[in-house]
Amino acid sequence: MIEANEANTPRKEPGRIAAMFDRVAPNYDRANTVMVAGQDKRWRRAVREALSLQPGERCLDLGAGTGVSTVELAKSGADVIGADFSLGMLQAHRDRQVPLVNADALHLPFDDNTFNAVTGSFFIRNVDDLDACLTEILRVLAPGGRMVLCEVSTPVWKPYRKAHGVFVKHVLPKVAGRVGSDPDAYRYLSESTLEWPDQAAFADRIVKAGYRKVAWRNLAGGAVAMHRGFK
Ligand SMILES: C[S@@+](CC[C@H](N)C(=O)[O-])C[C@H]1O[C@@H](n2cnc3c(N)ncnc32)[C@H](O)[C@@H]1O
């Protein structure tokens, strides 16, 4: 249910975001695959390859949701743990054989310098304080550790950029409406995608947070991008 005072609640207020993901959780995996026309599998593999995880390394998958991305990362042989603040998403993970913890990415229950790698797919744009989250990731990364964040981004080719904008604004909410079940979530999906900084602007925030060797790689013509940085 949408709360009566929701119009006054900041859109990325953590309780509101977690409750929204709780509501969409039962249908999330199927709806997500339909909305991105099956490309999600390829993007998850691209993240695993970008991280180059080695057996025995420790990796944290933030905003792990139902754990699909965590399972893909675990194929590397690394010790991977997923974290998400939506209990509903975690509970929808069914029989996936990966450890998942209920935690907020802004207050991680891990010591400093714990992980060789930290990643997150389609999670960081939902965080209400991006800079604080980048700082928190840096805290739990071991010296020399790498971060790879996969997120929606801005298509590079202008005609595609325009068409993609129309798609996200007008078509995506309708598609989401057919496969999902939460009107607030369709609106949020579209608005949060259109508002998210482009590749260079996001890279700039990562540099300002203190990461080294920051770079990105576009997927799907730039509609999605993986950003990388090192501690
Ligand atoms: C769009 S889903 C992506 C799930 C999964 N990574 C995937 O690729 O299918 C975003 C997830 O990020 C989680 N999330 C958003 N903000 C978070 C935060 N501050 N701390 C932990 N999880 C968060 C949500 O609960 C949701 O499960």
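Even glycines carry a Cβ here, placed using N, Cα and C.
Quick look at what TrEMBL annotates:
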- Thr66, Asp84, Asp104, Ala105, Ser121: S-adenosyl-L-methionine binding site (BINDING)
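Taking the features listed in TrEMBL, we show where each one sits on the structure.
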residue	record	Cβ neighbours (10 Å)
Thr66	S-adenosyl-L-methionine binding site	25
Asp84	S-adenosyl-L-methionine binding site	28
Asp104	S-adenosyl-L-methionine binding site	16
Ala105	S-adenosyl-L-methionine binding site	24
Ser121	S-adenosyl-L-methionine binding site	26
Most distant Cα pair in Å, residues Thr66, Asp84, Asp104, Ala105, Ser121 binding S-adenosyl-L-methionine: 16
DSSP three-state assignment (helix, strand or coil) for Thr66 (S-adenosyl-L-methionine binding site): coil
